[in-house]
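Per TrEMBL, these features apply:
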type    : residues  : note
DOMAIN  : A:44-178  : domain 'Methionyl/Leucyl tRNA synthetase'
MOTIF   : A:49-59   : motif ''HIGH' region'
DOMAIN  : A:228-415 : domain 'Leucyl-tRNA synthetase editing'
DOMAIN  : A:429-586 : domain 'Aminoacyl-tRNA synthetase class Ia'
DOMAIN  : A:622-664 : domain 'Aminoacyl-tRNA synthetase class Ia'
MOTIF   : A:625-629 : motif ''KMSKS' region'
BINDING : A:Lys628  : ATP binding site
DOMAIN  : A:706-828 : domain 'Methionyl/Valyl/Leucyl/Isoleucyl-tRNA synthetase anticodon-binding'
Amino acid sequence: MSRPDSLIADRYNVKDTEARWQKVWEDRGCFIAREESDRPKYYVLEMFPYPSGRIHMGHVRNYTLGDVVARYKRARGHNVLHPMGWDAFGLPAENAAIQHGVHPAKWTRENIAAMREQLKSMGLSYDWAREVATCEPDYYRHEQKMFLDFLKAGLVYRKESWVNWDPVENTVLANEQVIDGRGWRSGALVEKRLLSQWFLKITAFAQDLLDSLKTLERWPERVRLMQENWIGRSEGARLLFQVEGRATGLEIFTTRPDTLYGARFVAIAANHPLAAELAAGNPALAEFIAECNRMGTSEAAIETAEKKGFDTGLKAVHPFDPSRTLPIHVANFVLMDYGTGAIFGCPAHDQRDLDFANKYGLGYTQVVEPAADREAVAAQIAAGTAYTGDGVLINSAFLDGLAVEAAKAAAIDRIEAEGLGARTVNFRLRDWGVSRQRYWGCPIPIIHCESCGAVPVPEAELPVQLPEDVRFDIPGNPLAHHPTWKDVACPVCGKPARRETDTFDTFFESSWYFARYTSPTSTTIGFDRAAADYWMPVDQYIGGIEHAVLHLLYSRFFTRALRQCGYLNVAEPFAGLLTQGMICHETYKDEAGAWLFPTDVADGPDGRPVHAVTGQPVTVGRSEKMSKSKKNVVDPAGIIDGYGADTARLFMLSDSPPDRDLDWTEAGIDGAWRYVNRLWRMAATADLPAIDAPMPELGVEAAKLRRLVHKTIAVVGDDLDRFQFNKAVAHIREMTNALAELGAPAVDSDAAWVLREGLEAAARLIGPMMPHLAEEMWSALGQDSLIAETAWPEADPALLVEDSVTVAVQVNGKLRATIELPKNAEAALAERTALDQPQVIAALAGKPPRKVVVVPNRIVNVVA
RNA sequence: GGGGACGUGGUGAAAUGGUAAACACUGACGACUUAAAAUCGUCCGGCUUCGGCCUUGCGGGUUCAAGUCCCGCCGUCCCCA
């Protein structure tokens, strides 16, 4: 049986509608950004994706958030820049080449094309004319120039360095890419190797990067805190210990110079030059050092490993008391990169030192004593727990009686006075090693010459292009075994020389792409200076919390380095930052314990989940971040195909605040879909007065509803200003629920007039969130303009103030009644009305109130 | 081990120190339908003698008033180790 036409027309044709409006926006160039404008600029940016080939739910959330901001700011009269591009270098392209024989360039470009189409189906308001792909020479040539300029400015150096080597990926990993001693992607146990590496001097800006965090008021507090911890500023001293029987002393770094008299040993890193020297004549020590090198270099790996040491037999002389000597150990918990690679151990007041001293029988001396619980603290140390709290110095000669902070100052004063060392600020932050032994990255523009050393590629010869004819069937870096590419003449002496075959860390590209968007076709310095000055900084940056430290810190550094080299005029690239939460989903396993996709799971006959095909029982695990490995993923393409982009966008925005994790549920997407249809039906089927019909005399109900419409306009604006999208959705739903209760009023009634005003407001308010539906509603309401080009609605201030308010009446803080009072009623009237309430009289039981607190327009609290 | 965030119905969540649970999801019941879907309507924190009483992880405190502020626990998550 065929359905009547009215029922068919009852459904929103999402596919046709969304495609149609996308074409209208594109044809009209609604989202093209221009520099010349008398409106205030607003640069909104989402973290650009790696072109894996398909978008995932995290992208959908990220780009929906950005698009709401972009469309909202446009409607609010800003000149908006909202670009998109591709973080196109990286390992997956090479892995694809190795596994499937497809060239990384081809693989990447095809993925970009596929993902671009998927993003376009979301109806995002990007200026696609500004699209960039970092793997293209017209992009990466500029960062080669930047690198050479940084080199000239002294911000780049090359050094032999111990690195984390991932034996599976055949590459160097940054410390932060090593998690629990394993490569972040491969999961392979990381080894240490010594390699020549290029470094960017991020530490030159350490203090400024730290201090300027205070100015980033629109960043989440926790991201600032994480960066602060990462930079890790500590104040202390460097001082020289003499070593018995040797001419050269040993320089150590300490943050606790006050505890010098508690020193029981000196420990040096396995990579310390002294250790290497001693190991030459000591096979057992050499073996110990080799063992240390098998550990990762990360601090976490070192901390979790058992504390081990090797007594060198050498003795250090105590700098304040030459009659005392301290054994020098090589220890696996001392880092060569931190401070000087040597420490003194004060077991009583440092847990690591105490563990070490107890293990090797080195003893301890307590030198800090708290004001209270003296015996307890002494006993605690004896039992193996160091005391790190405040107190007064004991057993410490000239420091005795001083508090810890005063003692630190006094100790450093004496160290400086005696020429033993100096006050030092130390940072945990280390310079950024940018060399990667990889093909699919930006070539480092350097030529190695036997006579001239590392020589910059002359600027006229930039870009150094990646050769396309490379082989991936040999392990290691394809650039290194390319037959001819690396053979060049030295630019200085002309003799045969060799190109640098390492490429940049891919964080290099993402450290300046935001500037490239301001003028993506500029052929000069990577961007047009005037355009960058106009658009920068990014007003609102949106992305995942996982980039809280690395990408964001590198970008902050890079921008400073660019400024120092005269490229642009800002220090901070991102004035505002919003970090979105993860998308989570339930996990499913079959009886054998194998992960199942949500699409593999169906409801069984008894309502329990079963495998959709085999009917086997399925166990449902807790909701976790969507990941391919656990198969708890939902493909956005299928959702957009079935429900449309607006439904997916609405689901992303409603229910949870943007920075919180979001649970993807079928029920949730169905609920969003129902609301999309409901809104559409309301606009498409309403019988309304003409657009320009004058407002009739409004009855009480219609006037009340009209006030709600205007209040909603005001509050949704506030919600969006604060990125409280879930509340904006709730407030719009409240309004449309009230409009729906009108049913189908007569076309010439006051209710129908308010309904038109309300539906027009609804279309405009949902514009940033559900742009296709908004246009469709707007058009169904008889408008021939575009929501995308329509200003944000204005609430009539006169309608925002109520003439009467509901005031709560409490007795001893418990609610007893509510009363209606004129707005701003006098306290005396409020008090009198409250005391007249029967429930209040009953609660007082005849006794006079002791006190009455009146908060105007809010509450009356009667204290009995 | 250090630092931080969070803890509210069956679920996601609201609540400038001032009426806790807005807005949804799930569920139940009803209307329409031959039936189902869709849609619409009603109910949905707990207890209740139907007057009310209790309820924001636990225990204290500040306040006329605490989910919100302070202190101490417990738990979860994140970062650093």
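Placement of Cβ uses the backbone N, Cα and C atoms for every residue, glycine included.
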Next item on the list: Express the predicted model's confidence over the domain 'Aminoacyl-tRNA synthetase class Ia' (A:429-586) as a mean pLDDT, rounded to an integer.
Entry: 92
Notebook entry, point to check: Taking A:44-178, A:228-415, A:429-586, A:622-664 as candidates, which has the most Cβ pairs under 8 Å with the domain 'Methionyl/Valyl/Leucyl/Isoleucyl-tRNA synthetase anticodon-binding' (A:706-828)?
Noted result: A:44-178
Margin query: What's the number of neighbouring CB atoms sitting within 10 A of the CB on A:Lys628 (ATP binding site)?
Written below: 9
Next item on the list: Please work out the helix, strand and coil residue numbers for the domain 'Methionyl/Leucyl tRNA synthetase' (A:44-178) from the DSSP assignment.
Entry: 68 helix, 23 strand, 44 coil
